[in-house]
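Undergrad: First the structure, which I've put down as structure tokens, then a few questions once you've had a look.
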């Protein structure tokens, strides 16, 4: 098994606490409203805390698909949220697990910087596919910007 680590940052005009609330606390409600392709977010196991497994159902290529997302840690005081993709179409056959460690920090002019460390654990001696990695980054960036756009369009959300 190989472990490959990548880091990325995204900036937002939305304040960290407000963005965190939308991305973590109210995610099950906000994400389907903000991200056009996501149909639903539902808890399939757990109580919403660490260990909880959520099912994100979305449309891709005209088909309904899903990904299973396991909450690893929630750190509201430090605006941190860690989760893993543990099943569904987001987990290719060569990948054991994809983990995300996220944190929001103060950015310029009252905005935020979203920092993420992605760890890909492969099965056997498989290597991560570079094109899949680029596509995953593009999806993550689009997701982050969709939430930002939703919050900008709904200034009363708190």
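Positions of Cβ are set from backbone N, Cα and C atoms, glycine also.
Checked Swiss-Prot, it gives:
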- 8, 83: trans-zeatin 1 binding site (BINDING)
- 32, 35, 38: Ca(2+) binding site (BINDING)
- 60: trans-zeatin 2 binding site (BINDING)
- 69, 81: trans-zeatin 3 binding site (BINDING)
Undergrad: Would you kindly give the Cα-Cα distance separating residue 35 (Ca(2+) binding site) and residue 69 (trans-zeatin 3 binding site), rounded to the nearest Å?
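TA: Answer for this pair: 17 Å between alpha carbons.
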Undergrad: Pull out the binding-site residues from the set 8, 60, 81, 83 whose C-alpha sits within 10 Å of the C-alpha of residue 38 (Ca(2+) binding site).
TA: 60
Undergrad: With Cβ-Cβ distance below 8 Å and at least 6 positions apart along the chain, what are the contacts of residue 81 (trans-zeatin 3 binding site)? List them in sequence order.
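TA: The list for residue 81 (trans-zeatin 3 binding site) reads 20, 23, 24, 71, 73, 74, 75, 102, 103, given in order along the sequence.
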Undergrad: So if I measure Cβ to Cβ from residue 8 (trans-zeatin 1 binding site) and keep only same-chain residues at least 6 apart in sequence, which ones fall under 8 Å?
TA: 115, 116, 118, 137, 140
Undergrad: Under DSSP, is residue 35 (Ca(2+) binding site) helix, strand or coil?
TA: coil
Undergrad: Rounded to a whole angstrom, what is the C-alpha distance between residue 60 (trans-zeatin 2 binding site) and residue 35 (Ca(2+) binding site)?
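TA: Rounded to a whole number, the Cα-Cα distance is 12 Å.
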Undergrad: Indicate the candidate from 35, 38 with the smallest number of other Cβ atoms within 10 Å of its Cβ, considering only these binding-site residues.
TA: 38
Undergrad: Cβ distance under 8 Å to residue 83 (trans-zeatin 1 binding site), same chain, sequence separation 6 or more: which residues?
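TA: Set apart from residue 83 (trans-zeatin 1 binding site) by at least 6 residues yet with Cβ under 8 Å, we have 69, 70, 71, 72, 99, 100, 102.
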Undergrad: Tell me the Cβ contacts of residue 32 (Ca(2+) binding site) under 8 Å, same chain only and six or more apart in sequence, or just say none.
TA: 38, 39, 40, 41
Undergrad: State the count of C-beta atoms found within 10 angstroms of the C-beta of residue 60 (trans-zeatin 2 binding site), not counting that atom itself.
TA: 10
